[in-house]
Amino acid sequence: MCLSVPSIVMSLLVGPWTDTGGRKPGLASPVIGAFIEALNAIIVMYTNWPIYMLFIGSVVNGCCGFFTIMTQTAMAYIADTTPETKVALRMAIMQLMILIGGLVSQITSGLWITRFGFIPPYWFILACQFSAAMYVIFIVPESKPKTRKDRIPFFSLRSLKVIWSVYRDPRHGYRRSLVLLLIGDGIVSLSTMGLSGVILLYVLRTPLCWSANVLGGFMAFRFLTQGLGGVIGIGLLKRCCSDQNIARIGLTSVIVSLVLFAFANKTSMVFLVPLVGCLNGAVSPVMKGMMSKITRPDERGATFSAVAAISTLCNFVGAFFFNPIYIQSLSFGFPGLVFLISAVLALFPLISMSFIRNTEYFPAPTSSEAETSAIDEGKMIELNENNIEEASDDIVAKSPDELEVKKPIQDSDSTSISTSTKL
């Protein structure tokens, strides 16, 4: 809660500002917050301060944006620097990098902590955050230069108005598609990431009774299949399928995997679930790619700030929504009920794909782009007028004897021929 709630608020207030203030501050802020949290944890462990002092670092990290602003700004950065046809694939690659980080941590963290304790891993985390901050600040180029015209104040309530205007704009009939994609992406997050706590409880109880090593291996395998499935799936399906159909295939994969999970009572069946749902990793990147096509370049920070905020909120709410259902389902002997409910929820974005327009929307130019176009047009008109004046002066300067006019005359056979007549 100390991380999620402040990061959601910060995403809504700061995200739209990156459209005019630049993307790099949005990339650097979460990294700096994570660095401060890791440093705070190291100080607490060295000084034996009370455990609640760790909340200070969590609050600071949350106020710096945490994962919410990082993903929102990274998505906007990708949309700024990538052709529209490749945005979904780049989003999937970003997702793969995140999941690989989760995979490595699942495999190594337990062994590292068992052998060396908690302090050395946190020094490694601190070094990683410092390296990331230096990379963002000094190496990553800015994709959205600062603009003074119509600039949104930093940490202003005007940002909420900007987000509202983005999703309120009719967009020539594409507003419904944008809203459905926003809701659908949130439901996908709720149906997948929101189940993490329930999955942990499900595999630790009878009849599975997994050990910590088996659980870590399963989570690593799940991250790997989801990440690779998204990249490979989008890369292959893009050649023959539209974005809507790729999303449909991915959502079908999600639903089937959840139904399989509901009835899995053997370890082999549980490990089969990530394979069946491997195209789950293609759903969210494709949806975000479709949203980037519908919105203008100067709206992407606001667009993805709402996406990231709702995704984080759904992950946070998932524990409060699914955990009580799971506990109640134990009383009548069907703990897999929660997965069936999640599969039913995933039907909404699958059905909504039929109501999303397939035609690419080419947004109207922004005010600055329109002004630039008008200036260029004025220059062209002025240039043409100058050319006409120069041509007129050239004609006047010539003597009548130098001018020839092609003039049709009729011959005896009434056929028209062209001759040169001296004026």
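The count begins at 1 with the first shown residue.
Using the three backbone atoms N, Cα and C, a Cβ is placed for every residue, glycine included.
Copied over from TrEMBL, here are the features:
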- 398-410: compositional bias 'Basic and acidic residues' (COMPBIAS)
- 411-423: compositional bias 'Low complexity' (COMPBIAS)
- 1-361: domain 'Major facilitator superfamily (MFS) profile' (DOMAIN)
- 398-423: region 'Disordered' (REGION)
- 52-79: transmembrane segment (TRANSMEM)
- 91-113: transmembrane segment (TRANSMEM)
- 119-141: transmembrane segment (TRANSMEM)
- 178-204: transmembrane segment (TRANSMEM)
- 210-234: transmembrane segment (TRANSMEM)
- 246-264: transmembrane segment (TRANSMEM)
- 302-326: transmembrane segment (TRANSMEM)
- 332-351: transmembrane segment (TRANSMEM)
Note = With the cut-off at Cβ under 8 Å and a gap of six or more residues from its ends, the chain residues touching the transmembrane segment (302-326) are 1, 4-5, 7-8, 11-12, 14-16, 19, 67-69, 71-73, 75-76, 79, 159, 162-163, 166-167, 178, 182, 185-187, 189-190, 193-198, 201-202, 288, 291-292, 295, 335, 337-338, 341-342
Proximity of the transmembrane segment (210-234) to the transmembrane segment (91-113), 3+ C-beta pairs under 8 angstroms = yes
Inquiry  = Are there residues at least six beyond either end of the transmembrane segment (119-141) with Cβ under 8 Å to its Cβ atoms? List them, or say none.
reply    = 24, 27-28, 31-32, 34-35, 38-39, 41-42, 45-46, 109, 112-113
Ask   = Top stretch among 52-79, 178-204, 246-264 for CB pairs under 8 A with the transmembrane segment (332-351)?
value = 246-264
Key: Tertiary contacts of the transmembrane segment (91-113), as residues 6+ beyond its ends and Cβ separation under 8 Å   = 74-75, 78, 120-121, 212-213, 216-217, 219-220, 223-224, 226-228, 230-231, 233-234, 281-282, 284-286, 288-289
Query = List, by number or range, the same-chain residues at least 6 past the transmembrane segment (52-79) whose CB is under 8 A from its CB atoms?
reply = 2-8, 10-11, 14-15, 18-19, 23, 26-27, 29-34, 36-41, 44, 87, 90-91, 94, 143-144, 288, 292, 297, 300-301, 303-305, 307-309, 311-312
